[in-house]
Amino acid sequence: MSLFGTTSGFGSGGTSMFGSTTTDNHNPMKDIEVTSSPDDSIGCLSFSPPTLPGNFLIAGSWANDVRCWEVQDSGQTIPKAQQMHTGPVLDVCWSDDGSKVFTASCDKTAKMWDLNSNQAIQIAQHDAPVKTVHWIKAPNYSCVMTGSWDKTLKFWDTRSSNPMMVLQLPERCYCADVIYPMAVVATAERGLIVYQLENQPSEFRRIESPLKHQHRCVAIFKDKQNKPTGFALGSIEGRVAIHYINPPNPAKDNFTFKCHRSNGTNTSAPQDIYAVNGIAFHPVHGTLATVGSDGRFSFWDKDARTKLKTSEQLDQPISACCFNHNGNIFAYASSYDWSKGHEFYNPQKKNYIFLRNAAEELKPRNKK
């Protein structure tokens, strides 16, 4: 049974909200709702690579499942298939040819999901939850990189049950990103390590964190020649750091900016500060999106150091985001992120994934 020819439906007979005209604040930006969204908090989103015709969206959730939708040009979404872990799914990624999806879970494993056969097999094992999973495609090797709370970074040939390589981390892996030939891993206790992936993965540099609070998300950015040149790092303290690996002028080129905070500025109106839950760079313009526990997304131009847009406030945190391969679609997930503890969790509240046309809003403004 081929995934791309069928609709095996976790959404069959579903309750589509597509085209809904409700005016409540779960969708204040009036974006397109993905049908049959997960039944628990959505921790990760990833769009298919440009090698696949069309657009397919993957989401992993705290309901232990991974779901795949086809996103049509009209914005309509068709549920295609799903797979299960035995614990919450914390990260997802695609192989470069779009035939496989890799999933990382609290069940201490990572799996490889073959979308054409709709079969999933375990390819990685850790001693604690697996927080990150990335596909690495190098000229001389291909592998899956997993980062775990067991304080290791492991590299796997999907044909073998033993890792090709294990690198020790200073602390638990909290977030990571890969754009060949660079990987960056951020850990607990504000650890930050850059790896080079040419020939074989190796540690390139440990960096003193530019942020004073817990790392939450990281995304690599490219230069004008399309080479990875630095990263954006987000923390729980409503702040993002832009960090270049080899900047001409470190003191000037590297900077941090505040985001996902309420408008209060002084003691009479104290400011509420929220976690930055996700960062994604636009694949064409190099501008970036951030999403936060405040229930807003914002678009930024890091080169001009300006904010391009901030959304209205949703009635739940935004827990994850991503762009499709050509940057026309911005996907973001609205669900509880546990930032206020279990007492604020409402199991009756629905989780949503929204799709927004992002082609124009992410363009850098013309310099005057």
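Note that Cβ sites are derived from N, Cα and C of the backbone, with glycine treated the same way.
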Residues flagged as region 'Disordered' in Swiss-Prot, choosing from 15-34, 195-214, 295-314:
15-34
With DSSP assignments reduced to helix, strand and coil, which class does T229 (phosphothreonine) get?
strand
Long-range neighbours of the repeat 'WD 2' (84-114), counting only residues six or more past its ends (CB under 8 A):
40, 43-46, 48-49, 51-52, 56, 58-66, 68, 120-135, 137, 144, 146, 148, 156, 158
Taking the Cβ of T229 (phosphothreonine) as the reference point, list residues of the same chain whose Cβ is under 8 angstroms away and which are at least six residues distant in sequence.
F221, K222, D223, Y244, I245, N246
Is the count of Cβ pairs under 8 Å between the repeat 'WD 1' (37-79) and the repeat 'WD 7' (310-346), pairs 6 or more apart in sequence, 3 or more?
yes
